[in-house]
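Marked as NAD(+) binding site by Swiss-Prot: 51-52, Q129, 175-177, E195, 241-242, 262-266, 272-273, Y321, G491. Taken from Swiss-Prot, the feature active site covers C409, and the record attributes it to sequence analysis.
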Amino acid sequence: MPYPANVREIRAPRGTTLNTQSWLTEAPLRMLMNNLDPDVAERPEDLVVYGGIGRAARNWEAFDAIVAALKRLKEDETLLIQSGKPVGVFRTHADAPRVLLANSNLVPRWANWDHFNELDRKGLMMYGQMTAGSWIYIGAQGIVQGTYETFVEMGRQHHGGNLKGKWLLTAGLGGMGGAQPLASVMAGTACLAIECQPSSIEMRMRTGYLDAWTDDLEKALAMIDESCASGTPKSVGLLGNACEILPKILELGRLPDLLTDQTSAHDPVNGYLPEDWNVEDWKARRLSDPKAVEKAARASMAKHVRAMLEFQRRGVPTVDYGNNIRQVALDEGVADAFDFPGFVPAYIRPLFCRGIGPFRWAALSGDPEDIYRTDQKVKELIPDNPHLHTWLDMARERIKFQGLPARICWVGLGDRHRLGLAFNEMVASGELKAPVVIGRDHLDSGSVASPNRETEAMRDGSDAVSDWPLLNALLNCASGATWVSLHHGGGVGMGYSQHAGMVICCDGTEAAARRIERVLWNDPASGVMRHADAGYDIAIDSAREHGLDLPSLKG
């Protein structure tokens, strides 16, 4: 539920001057503020970072209280955050997390949007999404490589590895979906991305994630045709409503080469524009008549999925990109809604089996050169991965930093801790101007239970078992992460996921090195453990290769 907007402009401090008692508390302070940087957040005035109503703090009073608490927090104290509000400071020890966050968690019987929204209206909860409430969102770059890897794998499986002259049709250009146009172009294919909010298109144009836009379907298709004919991939934003435009494209007989969707369908009230509604009426009625909005949005999503199914029937490779739109359509009577797969079981799970996932870091100095130096260090430490090197080169060339300079690359067990230790040494030697923080998306190998996304179609049927993210969070606390978060409902909405996050600060000290080695080994190892337990041979082999002690693993 929106709170009164605040006109303050929040940006993270830069440089080496501390505003807190140590770098271990300066790091969460800067990353909290970075989440609300106007170049990062979708609606910073409302504390909304991305993903519909994913917030960094419950309200502005809570934000100010968090900042004040972090500034006075001692090296042996831990701050507790309950759904975006600071609720306690307790004495722990120097290797304990400095901040523990629990966001949007509800007892399962009450884990639905109606109950959450009631609590939100009363000021008792907030929706943390994944990296909004856990203070490690880095702008659209945070999802670019995962999206790029998915599109590359789609091209490999469906088009012989060559996407030249092909085009992708999708929708949604918010904080997550906004990565699609750039990821598509980087993967070598043109992209037509439908978006209903002009502000989101403007944001993607301003940050370099979108090449062009129009509000005319014929012009958009003409630009796509020109791109495909030239063999030079281009991204085109189309202002409109996906549930209206996809059927029109079908009527024209135009078939894309790939199809997906990243609208905010996880939130039927705040995330999806109903058919034949304008944005202004939608925003007003979200407050005055949310039930009517939800009913209309759900019907529109069903129409959207029916169109996707028809594209699939006509031979277009079609994939759900994790926004729960298939589930809504199924609930609305689309019996075959799950006939097209989710992206994780279709393309990503083999990576998860090896603990490979979205490894990200941010330079607290604010100096882009710190990121460029770490890019080079990654290449030095992982010399035999040309795909990774290509990614880093493309990222430097194509990705504009939003807020504090940051980088993401997908690496796994055996590499993450080596990179963390190297970054820490670079801080200690002065090669980096200030500490860096290392974190990840909650979408990772061992940190999420989400039966319609990350854990869809698990081999042993354990899709809904959420012990795993709880164990991941506990393990990261015990290992010494700088802050640890446990959330509910990210990506797919209330009742459909539980997930955990961690961030570790590399401040150049020997104590940090010990924590880094534990955290950045144990965190991906828990993902290998989870998949080995589910019976995946790749994960079992990885566990044995890395000497993991898994008592239930036979042989």
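Here the Cβ of each residue, glycine as well, is placed from N, Cα and C on the backbone.
Look at the Cβ of each of the recorded positions A265, L273, C409 and count the other Cβ atoms within 10 Å; the largest number goes with A265. Ranking the binding-site residues G51, G175, E195, Q262, A265 by Cα distance from the residue listed as 'active site' puts G175 first. DSSP assigns the residue listed as 'active site' to a strand in the three-state reduction. For G175 (NAD(+) binding site), the count of additional Cβ atoms within 10 Å of its Cβ stands at 29 [all protein chains shown]. Counting only same-chain residues six or more apart in sequence, the Cβ atoms lying under 8 angstroms from the Cβ of E195 (NAD(+) binding site) belong to A171, G172, L173, G177, I201, G237, L238, L239, G240. The Cβ of Q262 (NAD(+) binding site) lies under 8 Å from the Cβ of T170, A171, G172, G174, M176, G177, Q180, Y321, G322, N323, each on the same chain and at least six residues away in sequence.
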